[in-house]
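As recorded in Swiss-Prot, the features of this protein are as follows:
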type	residues	note
BINDING	Cys60, Cys62, Cys75, Cys78	Zn(2+) 1 binding site
BINDING	Asp449, Asp451, Asp453	Mg(2+) binding site
BINDING	Cys774, Cys853, Cys860, Cys863	Zn(2+) 2 binding site
Amino acid sequence: MLELNNFDSIRIGLASPDKIRQWSSGEVKKPETINYRTLKPERDGLFCERIFGPTRDWECHCGKYKRVRYKGVVCDRCGVEVTRSKVRRERLGHIELAAPVSHIWYFKGIPSRMGLLLDMSPRALEKVLYFVSYIVIEPGDTPLLKKQLLTETEYREYRDKFGNNFKAGMGAEAIKVLLVEINLEELARELRQELKEVSGQRKIRAIRRLEVVEAFKKSGNRPEWMIMDVVPVIPPELRPMVQLDGGRFATSDLNDLYRRVINRNNRLKRLLDLGAPDIIVRNEKRMLQEAVDALIDNGRRGRPVTGPGNRPLKSLSDMLKGKQGRFRQNLLGKRVDYSGRSVIVVGPRLKMHQCGLPKEMALELFKPFVMKKLVNDGHAHNIKSAKRMVERVRPEVWDVLEDVIKEHPVMLNRAPTLHRLGIQAFEPVLVEGRAIKIHPMVCTAYNADFDGDQMAVHVPLSAEAQAEARLLMLAANNILNPKDGKPVASPTQDMVLGSYYLTMDRDGDLGEGLIFKDEQEAMLAYDNKQVSLQAKITVRRKNGERLQTTVGRIIFNEVIPEELGYINKVCDKKTLSKIVADCYRRLGNAHTAELLDGIKELGYKYSTRAGITIGVPDITIPEAKKEILAKAEEQVNKIETQFRRGLITEDERYRKVIGIWNDATDKVTKALMATLDKFNNVYMMATSGARGNIQQIRQLAGMRGLMADPSGRIIDLPIKANFREGLTVLEYFISTHGARKGLADTALRTADSGYLTRRLVDVAQDVIVREDDCGTTEGIEVREIRDGTEGIEKLHERLEGRVPMEVVVHPETGEVLISQEQVDNHQVMTEEQAQAIEDAGIEKVKIRSVITCKTRYGVCKHCYGKNLATGGNIDIGEAVGIIAAQSIGEPGTQLTMRTFHTGGVAGDDITQGLPRVEELFEARRPKGQAIVAEEDGSIAIREVKGRREIEITKDNGEKNVYAVPFGARIKVKEGQRIEAGDELTEGSVNPHDLLKIKGPAGVQVYLLQEVQRVYRLQGVEINDKHIEVMIRQMLRKVKIEEAGDTELLPGGLIDIFEFEEENRKAVEQGGEPAVAKPVLLGITKASLATDSFLSAASFQETTRVLTEAAIKGKMDPLLGLKENVIIGKLVPAGTGMSRYRNIEVLEEGQPFLEEDRDILLPERDRDYNFLSDEEKIDFDLTLEK
């Protein structure tokens, strides 16, 4: 059995027939499976015990040898080895084919590898393989050409004419002969020569052939191995046959497919022995070829083989493919032991780090622990009796359970887990009933509510797992959201309402104007009903200052840590969030958790005290509504008249009418807000941020306003009524459009957003923080992101938590904002520094960025900046790629789906929302493309024959003309100076054009700004660095233009680092370096272009990826997370990273030897770069010793 942690990479290749025979435990000769009477496997059949091992532990087929003492004996009667039955999962068999057959993957894939090697078209190849045409193998002295196809009649004529002077054949045998003859070295030389001489289509073909030839040459695979003489038979336990209740059998489709192969093979053997006529043998060979094709990839060629009920049988390829395939179903998503699930209810009395676990569930989950403790404490004599005690639920079991779960965290998860906060650890508290209780403040992270949501519980078993759960996953340690560094655990709903009510002040309340000597006296007065909760009073603080406040605020400030000062204002949701963030920044985790629990207790208590509820009388309709509507009607009528007289166009009328109604709606809303009392229940709920918003109040008490029709165009007939008055039939009908569209959108959005997240995770899963400093001198310049006049992302947001690359000085006062020392020490900018830079009016700052990071696999600490989830420095081993993918994908469901239709305006609609994000990350040509200037210069706009043209005059006087398509809006003005890459018309820029004009730096800035724009317009904040990680992955590859003296192939995609390395080698040997141009890959393409074939195969296009990998003999270095999960190793991130795992304790006072260094640093980390500077110095010293 292979030991999991002693290999660093895994390789895939073609299997030669000898290799398959070597692996095999025996030949399967008969198509039989099991005997219908004895239900025992048939000898030499597909389930044969002699080949695959015994069906029952330590027992041979005939029963002569039973029991473990005969271990390893081979029975002399039935030939079965006595061993564990589990070997039936591991032992392969094989089928010796009577005629060679081609492997469909290599013949049918795109491009056809066999076709490329033989320089034949796949169509010609198919004719030969399926016995339609002959192929000339040896022309001899005939006028025929090698590899020429002959029909049956032509072949006969030539046979009669030339006799045995030439050789031709059909089927896989003929192709095999041709493949054996290939000399790879020579072919590669010829093709390289051809590359220099030809161009166009022929050059492309030559490059593709050379790729395949090089692949075979480098990998040590032989071309003839693409033709199979032997078919391996996978172990029987992986294609089981089980008896159903009714005595019938259910079997895997593979058994059917294998049976067809064996039947046809045996028939072919018999025909060959009998010396049957050629035509019959040929037909049988063709059928054998088709049977093997169906076994490997059913349905790839011709009609798929179907089982009962016309269902296509699942072949070996289907076993790997898709969501239900081996990769995604069993290797990347396993079911786990020690887990349970139940409905969740709120636990308002829990502390931040606790959850309520139902007693019976806890007993089941912790059963082994409880049993062990029962034995240890002497309640039971052995494990068996302890198990009985637990099953009978004796009273002492509960006491033991209490002990066991103390300090043993459990993990709670809610599907869909959109980001890492979807699974957190808690300390369990036993509760009665059958529902899990969770803390109300973690609901935001889980996106949970209590309308019947369920959650799963998992138990971390080992001590390490428990420690990690407690230190890294405990809810109290996950207060900040990794996507923007803002608190995710902050008060909501009732808690907000209670705090808001508590901190409000009311004029003329009982006890207003009273003055107290300290807070205690004020509280005493309140307890004795001398002063009300919201009356304005004056209190002297400890430091002697007098403060006008209310009793409510005094109570509220009791839970606020003193360091934060006295909070003397009305606390709505935003203020509370700020308080939490402030507390976290200044006082850290533990204090914040306490603060949250304090606010929770107060909030619930006082929202109950307030007795805030909602009733029909709370909704008061403003008096002014009638008047406002009447005025609007009048204006609309005027416009209608103008339209009928032909003074304005339909378009103008539409726009004006919509303007009027929007205006009227706003006025009604303003009037409504003015009439509501600030202690009105509905008003308080909305303004505190507990539930609802002004728009919803407007619909209840003002007017519903304008609605959109199904296409998204706004209907110019408003709904004048509100829900308090009730809608007319027509109004009701109009509003159904919006309601239905909302629901349909939500459903679509969830699926699209999930798929986007999956692609993002796949492209960035191997980005891990791997070193302290990559030593780059490059960086990016950041400035505020603006959209026309409004700012989308302010400069300070982009700077905070990043490492600066230049000294920043205040332009007016000359004050140093960022010192040289800070730049040299790579310290991140604080919030205060970032704000100071923005306030100083500085436009742009150069910072370190993931985009320009030079770390080979992953990123370095300084380029990444601070860890948003903790606010501290990022650790080596943090899987920042996954965090970035989750941060971008998780808010995806909040983005809109719609393409905005500007009511009937000409010109393409610009895509927005989720589709726009997808368009950017996939680097697609956008809908409604803008024209981009290819050079700097000044603008002239002309009209030629009714078409508009933009002429750019360069500085050297050259002119360039761009035709403007009909209906496009021009963005530039006459005489304006522009730079290359600027947009000339409205619309979205094609990123590939931008890459050509402005190079990678231009595209990076553009993509970053565009993605931010979409999210910010929806009110979602995401930190730049997450988007930068994705952009970096999209720009990892370059396309080779000229190979120079390197081994590289023109037209190939290659990693920038590999490219630089190859060039360095070439230059060192005095050769010409290769020339390449940067390419922008969409995330799907980038995922498939990764070094790891396991990761690519488990993502999409499984068969294609594996075919290519096998031919190239690819090696997977297992650097990413997915590859390691697939083969069952610990992921190389976090505590699973080799530098954290290979810890060897050396005795004190012993010298540190060279071999210790080898033990301490595995192969891959022996690189110096992995060490921090101090470590390097230590190392050099020890080596000198």
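Going from the start of the chain as shown, residues are counted 1 onward.
Placed from the backbone N, Cα and C atoms, the Cβ positions cover glycine too.
Feature map: Swiss-Prot annotations on the structure.
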| residue | record | CB count, 10 Å |
| --- | --- | --- |
| Cys60 | Zn(2+) 1 binding site | 24 |
| Cys62 | Zn(2+) 1 binding site | 14 |
| Cys75 | Zn(2+) 1 binding site | 20 |
| Cys78 | Zn(2+) 1 binding site | 16 |
| Asp449 | Mg(2+) binding site | 11 |
| Asp451 | Mg(2+) binding site | 5 |
| Asp453 | Mg(2+) binding site | 17 |
| Cys774 | Zn(2+) 2 binding site | 19 |
| Cys860 | Zn(2+) 2 binding site | 23 |
| Cys863 | Zn(2+) 2 binding site | 28 |
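For Asp453 (Mg(2+) binding site), the nearest neighbour among the listed binding-site residues (Cys75, Cys78, Cys863), judged by C-alpha distance, is Cys863.
Sequence-distant neighbours of Cys853 (Zn(2+) 2 binding site) (same chain, 6+ residues apart, CB-CB distance under 8 A): Cys774, Thr776, Val859, Cys860, Cys863, Tyr864, Arg1032. Taking the Cα of Asp451 (Mg(2+) binding site) as the reference point, the closest of the binding-site residues Cys60, Cys62, Cys75 is Cys60.
For the pair Asp449 (Mg(2+) binding site) and Cys75 (Zn(2+) 1 binding site), the C-alpha distance works out to 63 angstrom. The DSSP secondary structure for Cys863 (Zn(2+) 2 binding site) is helix. Under the three-state DSSP scheme, Cys60 (Zn(2+) 1 binding site) falls in the coil class. What surrounds the Mg(2+) site, by Cβ distance within 8 Å of the Cβ centroid and not counting Asp449, Asp451, Asp453, is the set Ile344, Ala448, Phe450, Gly452 from the same chain. Those residues of the chain, other than Cys60, Cys62, Cys75, Cys78, with a C-beta within 8 angstroms of the mean position of the Zn(2+) 1 site C-beta atoms are Glu49, His61, Gly63, Lys64, Tyr65, Asp76, Arg77, Gly79, Val80.
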